Amino acid sequence: MPVITLPDGSQRHFDHPVSVMDIARDIGPGLAKACIAGRVNGELVDACDLIDADATVAIITAKDQEGVDILRHSCAHLLGHAIKQLWPQTKMAIGPVIDNGFYYDVDLDHTLTQEDLERLDKRMHELAEKDYDVIKKKVSWQEARDAFVARDELYKVAILDENISHDDRPGLYHHEEYLDMCRGPHVPNMRFCHHFKLQKSSGAYWRGDSDNKMLQRIYGTAWADKKQLNAYLQRLEEAAKRDHRKIGKQLDLYHMQEEAPGMVFWHNDGWTIFRELEAFVRMKLKEYQYQEVKGPFMMDRVLWEKTGHWENYKDAMFTTSSENREYCIKPMNCPGHVQIFNQGLKSYRDLPLRMAEFGSCHRNEPSGSLHGLMRVRGFTQDDAHIFCTEEQIRDEVNSCIKMVYDMYSTFGFEKIVVKLSTRPEKRIGSDEIWDRAEEDLAAALQENGIPFEYQPGEGAFYGPKIEFTLHDCLDRAWQCGTVQLDFSLPGRLSASYVGENNERVVPVMIHRAILGSMERFIGILTEEFAGFFPTWLAPVQAVVMNITDSQAEYVEELSKKLQAAGIRVKSDLRNEKIGFKIREHTLRRVPYMLVCGDKEVEAGKVAVRTRRGKDLGVMSIDDVIKKLQQEIRSRSLHQLEE
């Protein structure tokens, strides 16, 4: 009979098979009440599942992330329970857990409105408040199929027919009269599922295939308690205020239109930000000793077949033809950089060779996934490729890591989560090469004192990689930076250098991106700063305003001085009240407003005010220039006197 070993090493002996819930009760009534599921020998199981052999067991509660994910999954079933009561003809497809919540794809004969979602949310709460038990039954494949055929659940039948072996025993979960199928685990009782909210609905193809029927995807969020739910909803509210699409329109940064889906029309102020960001990256490239190159934006399909992109990536590539040749518009820069490397004989003495490009790339992203600057079809990559020897890998990765943190710190990003993806089952290269490559990446992170977690088997077939995910002020995660080793592409494209023993050697290639897509990074910055860009990035850094016409000439004189000092300045001589002008430029997030009245003209000075409403008093224009230049030159995140 089972001996159960708990996480603290203590053991409990039973003379009969026991469930996870039985073990929780044996430990104490408080734990039994909190028990959502269990981890038995490392595998998540339902609280009702029986254990009939010795095992290590951990009780899962809502304090564990796994517990929160389980209650979110059960909220998806709760959604199914409610929607079948409101609209019995609904056909249920799939309902997985996602970040912060869940969704369910449903086949419904009408398009859900906001009122429908509110009604559905209300019914879900009414059902959850009954605190009913969720009953799990393991049945044969045929029993499961018969149950869903009887309910006319054609999508569940399709899942059984296409994805589940006839030898399996699927888990059926009974929510009163509602039946769902899942691997589980799920909550034992709906008292765990009180803190949720439905958010929105959208279209989604069955199995993600546009040839299949369009279903409706209903999204919801769920949390362990009311406090966590409210905090999340507040973050969403703040995120909506910071939406880069809204701010981009308000500040006249860019627009997008149907004639060019996923392509950005940069307006003057948005393009100013883009060019400033590009200049910053270019400065760092020089500091870290990169060459800057420029490759063609399209190349013959034959080349993309050699690289393997055509075989694995063709659905995401735009193509065109001319004179009986087919060309691919590049989705990435790496093959072009190998072509540049291949020009002229290279020696081991020429390595490492660091090659960077602001490459104009295009990817045929699904139209439904496009989202402002965050998900586009045309974008500029700030990536680079380093050609080096195996012995140089660690030093080069070290340099890449330092560059990543150097650049992110400029924007105030401090929380950066790092993951190291290691060898997948299908890969090229010997185990010795992979051992060394993974060791070099891990050692470089350790040498820089950077904590990281492994992602076993998540590396590309051609090499391991490091991923850098930055967290913004709302703790949202943005995966931007990567350092990826590549043992494949240089050989596929016949790249080589002459080694120390006069032999031809294929170089190791390191793919390195820091910002990723320039467009996306500007979107991230827009939301991070809520449009209050640091002065060095702001499209207009100062605006000079008159109070009456008598100061117009003085305003123009000051504007020219500021412009000559390298400050982006505008003069506002409109016949409007000064309060109106200040409000307008404050809404435009202009860092500094310089006001000129008769007193300022007489003293040869200017009244300085920040966009946050702080009055900095009267200064000479030379002092203003000196202080602004210092703030801009240092790329400070803070304004004067902050």
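Cβ coordinates come from backbone N, Cα and C, glycine included.
Owing to the predicted nature of the structure, the values given are computational and were not obtained by experimental measurement.
Residues Cys334, His511 are given by Swiss-Prot as Zn(2+) binders; from His362, His371, His385, His471, that same site also lists His385. When Cβ neighbours within 10 Å are tallied across all protein chains shown, the highest count among the binding-site residues His385, His511 belongs to His385. Per DSSP, the secondary structure of the domain 'TGS' (1-61) breaks down as 14 helix, 24 strand, 23 coil. DSSP assigns Cys334 (Zn(2+) binding site) to a helix. Within 8 Å of the centroid of the Cβ atoms of Cys334, His385, His511, where the record puts Zn(2+), the same chain has further Cβ atoms from Met332, Asn333, His337, Asp383, Ala384, Gln484, Asp486, Leu489, Met509, Ile510, Arg512.
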